[in-house]
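> My questions will all concern the structure given below.
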Amino acid sequence: MQASTYGSVKGNSVFGVQQQRRVLGFGESRRTSAGLRNLCMTHRSAGCGGLRLSSAAMGAKLASLGRGFDGISMTSLKARSVKAQASDGDIENLVPPRTWVKSSGIVLPYVGVACLGAILFGYHLGVVNGALEYLSKDLGIAENVALKGWVVSTLLAGATVGSFTGGTLADKFGRTRTFQFDGIPLTIGAFLCATAQSVEQMIVGRLLAGIGIGISSAIVPLYISEISPTEIRGALGSVNQLFICVGILGALVAGLPLSANPLWWRTMFGIAIVPSVLLALGMAVSPESPRWLLQQGKISEAEKAIKTLYGKERFTEVMHDLTSASHGSAEPEAGWFDLFSSRYWKVVSVGASLFLFQQLAGINAVVYYSTSVFRSAGITSDVAASALVGAANVFGTTIASSLMDRQGRKSLLLISFAGMAASMLLLSLSFTWKVLAPYSGTLAVTGTVLYVLSFSLGAGPVPALLLPEIFASRIRAKAVSLSLGMHWISNFVIGLYFLSFVNKFGISSVYLGFSAVCLLAVLYIAGNVVETKGRSLEEIERALSIAT
């Protein structure tokens, strides 16, 4: 997919502790010294340990869980406390790993339903590539480059609007209800495209489909991160990117009959109606995010969702963790301007920067030029070239999914951008160095495949997974939307000016520029991104909040 912390935690991160301890369960602490009983964590607005109770009813609920607050001190940290420094700025240095209890919960079917949105994301991005030539003839715009450009780019404009809208809808109506709303523009947009008798109808259909995939691009990773068990959240989160790749490949396969049946393009657009309807219907029976339910004070519904997703075995610890979050329902819902406050701006800027680097690293340029590159190596079939690029993307994303919870998010990002920088350099040199001229085709193909593989290992799947992890619960939906908006805006701008840059500077120089951007991304990630693997969303939020 062309469509990917938080410098708030670095070496100065602080857990106010008096002696070494290890964290057990969800927020409990055991001290090695018998003289210490409580661990106190301070925050300028969240009280001790970031814990706030919105009502006596919430306190009664917690008491009924039988866990109490023995591990959290309700007094302020005294001057005797010392600072525990993080050696490399990672969350794991602040919150030690835990052993997870095996549960009987069911989460995979609901992740699968959500990923229908990811499939539609990829499908709508890819479907126009094969169909454009044929629909242009049918709609009488074969010679009008500007109108063809509108048919392509309107989707991106709609996606930008949808990505900003998704966060607000998800906060107000909930994650599953927003998915159901999302089915409306996705279904209507696909229907209008499939039945278009004029270019105006086609553009309106693409706009609605764009709004739909913009909303899904924001809420699919958000929903998956909020319902997934911590120990497999990375693997399930990266499935979002995998299904985007599947959607792109699906669009490629759907276009195969076009050469024999020029009117097949209508069927290609109509196919998207099926997963759109299934997404809305599937979300009608999927559990709501328990985190959102608790924020709304819907405790009984949250308990039911937790038992469904995590199983009865882990109900007590999960409920305790969620209700012990730093910024619970006691705080009012965050507005858009809160994202730019000193409290949140650092982490929000890192999230937006990751998507900016993802796009400025040149993924769209590589995909756009892949067919030309493959032709230079003797591969004349555009379908074969696209299939090879898509297969490399799917393969790399599958590997990333298996490594996400073991290798970690940050290390995969560093490896990914470093590999992309080297691949871009290889592509640039293959076009300019005369000594490499006899091997230029082979080297260009190798560079293209290695670039796509590197992208799919980290730069592709990690940002969308990482953002819901690092954003505090009260800003999570809107912050994810803002970051995805950066993705769509940068995608649109690059698409608008890319060819102009190529014509002015040459493809080799442009590739060299992309390589430099990838190196800058490595430096930025090394200095600003923290590791989040193996930590619950609430642990990450407490650690990042205390460090600010």
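Glycine is treated like the rest: Cβ placed from N, Cα and C.
Unlike curated entries, TrEMBL annotations are predicted automatically.
Not my notes, these are from TrEMBL:
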DOMAIN    110-533  domain 'Major facilitator superfamily (MFS) profile'
TRANSMEM  107-125  transmembrane segment
TRANSMEM  145-167  transmembrane segment
TRANSMEM  203-224  transmembrane segment
TRANSMEM  236-257  transmembrane segment
TRANSMEM  263-285  transmembrane segment
TRANSMEM  347-371  transmembrane segment
TRANSMEM  411-431  transmembrane segment
TRANSMEM  443-467  transmembrane segment
TRANSMEM  479-499  transmembrane segment
TRANSMEM  505-526  transmembrane segment
> Please work out which recorded stretch in 107-125, 145-167, 411-431, 479-499 has the most C-beta pairs separated by under 8 angstroms from the transmembrane segment (505-526)?
411-431
> Is it the case that the transmembrane segment (443-467) and the transmembrane segment (263-285) have 3 or more CB pairs under 8 Å, with pairs at least 6 apart in sequence?
no
> So what's near the transmembrane segment (203-224) in sequence-distant terms, Cβ-Cβ under 8 Å and 6+ beyond its ends?
3, 111, 114-115, 117-118, 120-121, 124-125, 128, 150-151, 154-167, 169-170, 175-176, 178-179, 181-186, 188-194, 196, 233, 236-237, 239-240, 269, 272, 276, 279, 289, 464-465, 467-468, 476-477, 480-481, 484, 487-488
> Could you pull out which residues elsewhere in the chain have a CB under 8 Å from any CB of the transmembrane segment (479-499), counting only those six or more residues past its ends?
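Non-local partners: 2-4, 153, 156-157, 159-160, 163-168, 214, 217-219, 221-222, 336, 339, 344, 347-348, 351-352, 354-356, 358-360, 364-365, 368, 463-464, 467-468, 471, 510.
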> Are there at least 3 C-beta pairs under 8 angstroms linking the transmembrane segment (236-257) and the transmembrane segment (263-285), leaving out pairs fewer than 6 apart in sequence?
yes
> Any idea what the model's mean pLDDT is for the domain 'Major facilitator superfamily (MFS) profile' (110-533)?
88
